[in-house]
Amino acid sequence: MGSLFRSEEMRLCQIFLQTEAAYACVSELGELGLVQFKDLNENVNAFQRTYVSQIRRCEEMERKLRYTEKEILRDKMRIPDILDNPKAPAPKEMNDLEVEFEKMDNELRQVNTNNEALKQNHLELRELKEVLDGTQTYFAVYGQDIQHMMNEETQGHEEAIIGTRSQQTAALGFYVGTIPREKVPVFERVMRFVTHGTVFLRIEEIAKTFEDPVTGDEMHKCMFLVFYQGEQLRNKVKKVCEGMKGTIYPVPESTQERQEMLHGVKTRIVDLENVLAQSNEHRKRVLSKAQKEIRAWTIKVEKIKAIYHTMNMFKVHLNSLTAECWFPVKAIDDIRRALSIGEKISGSTIPSVIQPMVTDENPPTYYNCNKFVKGFQNIVHSYGVSTYGEVNPAPYTVITFPFLFAVMFGDAGHGFIMFLFGLFMIIKEKSIGSKKLTNEIANTFFGGRYIIMMMGLFSIYTGVIYNDAFSRSFNIFGTHWYPNLTDSELRSSENIQLNPMFAHKNSSAYLIGVDPIWQSAKNKILFLNSLKMKMAIILGVIHMLFGVCLSVFNHLHFRSYIDIFVKFIPELLFLGCLFGYLVAMIFYKWIMFDASRASCAPALLIHYINMFMFKYTSPINGELCDPNLTFYKGQDTTQYIMFFLAILSIPVLLIAKPVYVVVTRRSRAKKSDSYHPSDPLIFNEVPPEDSEITLQVYQNINQGFQDDGHDSFGNGHPKEGPTNGTAVAVAHDQQAPAQSHGGGGHGHGDEETSEMIIHQVIETIEFCLGCISHTASYLRLWALSLAHAQLSEVLWHMVLSLGLTVAGRYVGGVVTFVIFFFWANLTVAILLLMEGLSAFLHTLRLHWVEFQSKFYEGEGYAFEPFTFRRILRMQSLEEVTS
C-alpha cells in the first residue's frame, strides 16, 4: 500500500512495559512521533488516575515558569530559541528542577516585592517634593490673602446653614496632597457638595509624569490645596480625599520648616534612586540567568507532563503497564529501537513486548507527506479525512487544483506575480518559519506557499494559452489573418469584417494559444465566450470521469468486486454516454467544420436537446446545409444507443446491489444452519492446533509467525500462537462477510435490508442528478475566466492608459508614474487578492463536490501520534493554556 496514494498500513498492538522502564520508553516514542496511544482508562476520572500527582507537580512548575517568562517579557527581553532538542529528564531529576524553580521563583518574587516597595517610596517622595514646591510657591504669592479669601468664600453660604448661631472665629487649616488627573472633576464636585462650598479648593496640574510601581504605566497627577475652618470641615475634607484615592501629605505651616523638609526629601530621593538602581541591576541579573535557560526548562517540563499524561492512558498491572496503540507497519523497526533505548536508559533487564491485536475497529489514516504535498493534503482533509484504505485525492489534486484555478485566473502577468510571491516564501521559508508568525492571515499564506507558487505557474501557462497578460496580447509569432485591404479602405471605415475564407490561413492552427489579432477585435468576447464555455464543459466532464475511474481502485482494494459491475460500470456508462458524448460532439465540430463549412456547423445545444426528444431531421440528398440537421452518418442510431445505455444504467444502480446483498445473505443463512466439525461448540472454545481455522488465523496475523519462534515484531512467542480465545475471535472475523466498500459509500454490509435499499436509492438519485448539476457547475470556469479578463481590461483602459496618453516628456512621465502606482495597487488588491480568493474558493468547491463525490468517502479519522514536535514549536507557555 503506497504511503501517498493510500494511507500507510496501520497496525493495532499491545505494548507491555515494565514500570521502571515505562517513562523512558514513552519518552523515546514521543521523540519518534509515530505511535498513537488509545486511552484504556476512559471511565476513570482524571483525578483518580495513576500519575495525577506527577502532573500536578508539572503544572506547579509550569506556573512558576510562566511567572518568570512574564517578568522577562515585561522587561522587553527576548527569549532565545535553542538549537538542540533537550531530552525529557528522568523522573528523579524532577526534584532537582522543582528545587531550582522554587529557588528562582522565591528570589524573583522577593526582588519584585522589594522593588515595588522601593518604587512606591520613590513615587511618594517625588510627589511630596512636587507638593512642597507647589505649596511653597503658592504661599509665597498668596500667603497674605489666605484669610481674606476664606472669608469671601464662606460669606455667600452663611444663609444656607440650618439654624442660627454666633459666628466664631476658628483657626485656618489646610490639606495638601495629590490626586489622579482623571478624577479632578469628580473630586471638585464631591468636595463642593459635601462641604457646601465652605472650603477653598485650589488645584494645579503637576507637569512631571509618574510611573506606576506595579504596572509601570504612566500616571498624570494634580496637586490640591484645601483651606478649611473648624474640626468638622477638616474631617469631611479628609474623608473626601481618602474616598477619591487622593494622597494627603503632612506639610508644615512654617516656611522655614517646609524648606528644611524639602531639602531632606531631595536627599532621600537621591539615596533611594541609588538603592533602586542596585535593586534593578540585581533583578536583571536574575532575569538574565533565567532568560538563558527558560526555553530548555519549558521544553523539559512540557515533555514530562506529556509523558505522564500518556502513561495515564495505560492499564496498570502490578509491576507492568499495558498500552494499546496504532502505528504504521513500516515503523516497527524504529519503534522497537526506541523501546530498546528506553530500556537501556532506565536500566531495565526485562524487555518490552509488542503483541499484535485483531480488531474490527477502523484504523486511523496516515500519509507521510513532504512539505510540497502537505498543503494539498490539508485541502483534501478540510473536506473530510480519508477513510482508511481508500484512494487519496491529494496526489491528483497537486495538478488539477492549480490547473482549474489557472483556467479561471488565466493571466500570464498576474500569474507571474503570484508565482514570484510563492517562490519568495519558499526560498525564505527557513527565515520566515523561524520568526513564528503570529498573524493568522500571514500564517495561512505561508502555509500555502507551494500552492500559491503552483497556482501562479499554471496561471502563466493558461495566460499564454489565452494570450493574455495584464489584458494585453503577445504578438510573438505574428497572426494567421491576412486582410487584403488598402490603407484608404482601412482609414475610411472603423468596422471592417474579415472573411476567414480569404483573410485567414486555414492550413494549420495558430502555433500556441489564441491569435493576438483577437485582442483588437470588437467581437472578441463572442469568440472567447464560445471557446471558454466549450472548454469548461470538456474539462469538467474529463475531471468527473477521472473521479469515477478512481472509484474502481477502491472496489479492488476493498475486494468489493461486485461494485465494479453494479456501481462503477453503470456510473461510467451514464456519465460517458450523456456528457462524454457531448464532449465528443464538440471535438467533432471543431475538427470537421472549418471556415468553408461554417454556415453548416451544427447547433450542439439543439442537437443535444433533440437527443432526449428523439427528434431527428436528415438532410435531403445530402446537400441541404442547416445547423439543425443531423451532421454525421448514423447520428440517430448512435444517439439512441447512448441514450438507452444511460437510461438502463439507472435501474442497475438502483436495484442490482440490494438484490445481490439479499441473495447473498440468504445463501449464507442457509449454510450457517448446518454444523461443521470445525465450528466451536462454545463461545470460548479454542480450536485444536492442527485445525484449518487455527492455521488460517496464524497466517493472517502479521503474515504468520517466523520459524525461529519470533513474530514479525521481534517478540519471542511459541509457534502455537495466541490463546485465551484470540483464535476464535480471529476466526469469527475471517468468516464474517467482507463489508461492502466502494467509491460513493462503503460499509453497509450489516445494515438492515430496508435501510440499505433507501441508502442505495439516495445514492442513485444523488449521482444521476449530480452529474447534471455538476456538469453545469463547471461552467464557473468559463464565467470567472471572462470576468477576470474583463476586470483586467477595465483597469487597463480606465486607469493606466490615461497616464500613457498624457502629452509631454516631463509632465507625462510624472503623471504616468502616479497613475501606475494606483493601477498597481488596484491590480494587487482586486485582481490578485479578491479575484484570486474567489477563484480559489470556486476551485475548492469543484474538488470537494464535483470531483471527490465520485469516489471519496472521507469518513476516517486522522492519525494523531504522541509526539514532542508541538512542544518544540511552542513559543510561550501561554499557548499551553490556550
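Cβ from N, Cα, C; glycine included.
Keep in mind that what you see is a predicted model, and the values were worked out from it rather than measured.
Copied from TrEMBL, the annotated features are:
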type: COILED; residues: 94-128; note: coiled coil
type: TRANSMEM; residues: 403-427; note: transmembrane segment
type: TRANSMEM; residues: 448-466; note: transmembrane segment
type: TRANSMEM; residues: 535-556; note: transmembrane segment
type: TRANSMEM; residues: 568-588; note: transmembrane segment
type: TRANSMEM; residues: 640-663; note: transmembrane segment
type: TRANSMEM; residues: 817-841; note: transmembrane segment
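On the 0 to 100 pLDDT scale, the coiled coil (94-128) averages 91 in the predicted structure. When each of the listed stretches 448-466, 568-588, 640-663, 817-841 is scored by C-beta pairs under 8 angstroms to the transmembrane segment (403-427), 448-466 comes out highest. By number of Cβ pairs under 8 Å, the transmembrane segment (568-588) is matched best by 640-663 from the list 448-466, 640-663, 817-841. Away from its own ends, the transmembrane segment (640-663) comes close to residues 562-563, 565-567, 569-571, 573-574, 577-578, 581, 611-612, 614, 740, 749, 753, 756-757, 760-761, 763-764, 767-768 of its chain (Cβ-Cβ under 8 Å, at least six residues beyond either end).
Away from its own ends, the transmembrane segment (817-841) comes close to residues 405, 408-409, 411, 414, 417-418, 455, 470, 784, 787-788, 791-792, 795-796, 799-800, 802-803 of its chain (Cβ-Cβ under 8 Å, at least six residues beyond either end). Within its own chain, the transmembrane segment (448-466) has Cβ neighbours under 8 Å at 371-372, 375-376, 379, 398, 401-403, 405-407, 409-423, 425-426, 429, 474, 512-514, 528, 785, 789, 836, 840, counting only residues six or more beyond its boundaries.
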